[in-house]
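Asker: This is the structure I have questions about; it appears just below.
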Amino acid sequence: MTASRTVIRALLFVTGAVTIALELIASRILTPYVGGSLYVWTAILSITLLALAAGYHLGGRWSRLAARDRLFVRFPAGTAVILCLTAFLFPIFLPSIAYRDALTGAFIGATLLLAPTLVLLSAMGPLAVALTASEHGDRGAGAVFAISTVGSVAGALAGAFLLLPFMAPAATLVVLAAVLASASVVALAAVVRDRMTVLALLPASVAAVALVGVTLFNPPDSRPLGGTMTMHHVDTIRSAHSTVVVVDVAHETTPGTIRLYLEENQMQSAAARDGAPGGPLFYQAVAEEVLMEMVPVNGRILVLGLAGGTLATTLADSGRQVEAVDINPHAPEIAARWFGFDRDRIPVTIGDARRILRQCRNGGRGGYDAILFDVFSGLSVPDHLITRETFALAAACLAPDGVVVANTIVPPRDTHPTRRLMAAMAEGVGADVAVYEADADRHNRIMVAALDGRKVPAIALDEYPVSLFGRRTRAIVPALETRQELSDVAPLTDWSNDFALGIARMSRDLAFFPIPESWH
C-alpha cells in the first residue's frame, strides 16, 4: 500500500465534511427557486442516498484496480473541479427550473447540484477499505465509517455556522473546492510522490478556483431587469436564518425607484422612493385598505412577519397602534436602515409567531383589533402557522369584534390546498372567510376572517399594482366562503397537514427575481 494510514484518514475526514456541508449548501441554493419545504429536503436526501449508493458500487469495483491508491488521492481534486463548474453554472440553469412545479424542480436541481460530486466522494469509502484491508481484522471498514462520520459532523457545523451565514452559497462551493484540491495535492505530493501529476494538478486547481472565485467575489453593482428597468444592489444580509438582499429598481421612463426587500429571491416588502408610484405589492395595497376600513384609529394591530416593515409603518402612520413579530433577528435592523422603519414607535418581538400567540393567550395580553399573518415566503411556508390550532390561538388574542387577515401565496380557491387552508382559518377563528384575489395570473390571495359576523368590505384601490411601476384603479369585491361551504373539506391541523405538497405542485409564476448569485 502506497498511501499511508494518516493520509487516508485525513482525506476521509475532509470528504465526509464536504459531503454534509454540500447538502446544507444545496438547500440554501435551491430555496430561491423551489422553496425550502419538507419536499425539497426529501429531494436532497433522496438524491444524496442514490448518489452515495452509486459511488459505493463504483468504488467497490475500482478497489480491485492496482492503481487504487492513486485514484483515492486524486478523486478529491476531480471533485473540486466539478464543484467549481457547479458554482459557475448553477446560476445559469437553476432559474429555468423555477418555472416548473417546485416538486419536479427540486429533484432536478438536487440531481444537478449533488449527484456528480457525491458519486466521486462516496467512491472513496470502498477504496479506503481496500487500502487498509491488510492492517485490520475488520478490513478497516469500521475506522473508515467512523472517521468519515466524524468529518460529516464537522461539515454540518462548519456549513451552518462558518460558511453560509457569511458568504454566498456559490462562494461556499468554491471554498469546498479549494479544501478538496488542497487535500488532494498534499496527498499526491506527500505519499504517492507523483510529481508530474502534482505539477499539472496544482496550477489547474488554483486557476479553476481563482476563475470562479473572481466571478463570485466581485459582484456587479447593477443588472438589467427586463427591457426597461435596472436593478441596483444596495445590501446583502446573510444569517443562519436566511439571506436578505436589498435592491433599488429604476425605470428608464418613470421617475424614482422602488426599493425591494428580497428574501430568497422573493419580494417581501417594497417602498416607493423619490416620487415613484406607490408600492408594487398586491397584498400590501389590499391589507392596508382592509385594515384601515375594519380597525378604528387607535386600534391595535399585531403584524406577524415584519420584513422591511413598510406595511407596519403605513398602518402606524394612519393612527393605529402596531406591534410586530419576526423570527429573523436581523429584520428590525434591516427595516430601520433601509426602509425607514421606526423601532421606537413600533415594538418588535423576535421569535416564532405561534409561540408569541400562545404567550398572548396565556398571559392575557390580547385584545387586538386585528392580527395579520404575513408569514409566507414564496413557496417556503411555516406549516405550523397555517393550521386550525394556530388560527384558534390568534382568535383568542382578538377583541370581541376582531379580525384575522392572512397574506397567502396559494393556487385558486377551488383547489385542495387552498380550501384546506380556508377551512383551517374558518374553524380556528370561528368565522366565514372572505378572499381578495389579484389578477388571474397571480397566486397572491388575501384571506379575512372576522368575528361577530362583521361584514368584510369591498375596496377601491387608486393605485392597484399591475407591475413594478404600473398602477391603475381597481375595485375588488371579496369572494365569501361560509363555514358551511367549507365543511366538506378537512382543515389543516397539527396532525394532518399536506399543504406543502400541494404548494410544491404549483406552477412557479411567482415574483422570482433573477438577481446575480454573487448578491446572495
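Placement of Cβ uses the backbone N, Cα and C atoms for every residue, glycine included.
Keep in mind that this is a model prediction, so the values were computed, not measured.
Below, the features straight out of TrEMBL:
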- ASP374: active site, proton acceptor (ACT_SITE)
- 320-455: domain 'PABS' (DOMAIN)
- 7-26: transmembrane segment (TRANSMEM)
- 38-59: transmembrane segment (TRANSMEM)
- 71-94: transmembrane segment (TRANSMEM)
- 106-131: transmembrane segment (TRANSMEM)
- 143-164: transmembrane segment (TRANSMEM)
- 170-191: transmembrane segment (TRANSMEM)
- 198-217: transmembrane segment (TRANSMEM)
Asker: If you count every Cβ pair below 8 Å, which range out of 7-26, 38-59, 71-94, 143-164 shares the most with the transmembrane segment (170-191)?
Answerer: 71-94
Asker: Pairs of Cβ atoms less than 8 Å apart decide it: which stretch in 38-59, 71-94, 106-131 has the most with the transmembrane segment (7-26)?
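Answerer: It is 106-131, which has the most Cβ pairs under 8 Å.
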Asker: Please work out whether the transmembrane segment (38-59) lies in contact with the transmembrane segment (143-164), by counting C-beta pairs under 8 angstroms that are 6 or more apart in sequence and asking whether there are at least 3.
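Answerer: Checked: the transmembrane segment (38-59) vs the transmembrane segment (143-164), no contact.
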Asker: Using DSSP reduced to three states, classify the residue listed as 'active site, proton acceptor' as helix, strand or coil.
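Answerer: In three-state terms, the residue listed as 'active site, proton acceptor' counts as coil.
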Asker: Taking the Cβ of ASP374 (active site, proton acceptor) as the centre, how many other Cβ atoms fall within a 10 Å radius?
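Answerer: For ASP374 (active site, proton acceptor), the count of other Cβ atoms within 10 Å is 25.
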Asker: Restricting to the domain 'PABS' (320-455), report the mean pLDDT as a whole number.
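Answerer: Value for the domain 'PABS' (320-455), mean pLDDT as a whole number: 90.
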Asker: Let's see if you can do this one: DSSP helix, strand and coil counts over the domain 'PABS' (320-455), in that order.
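Answerer: DSSP composition of the domain 'PABS' (320-455): 49 helix, 41 strand, 46 coil.
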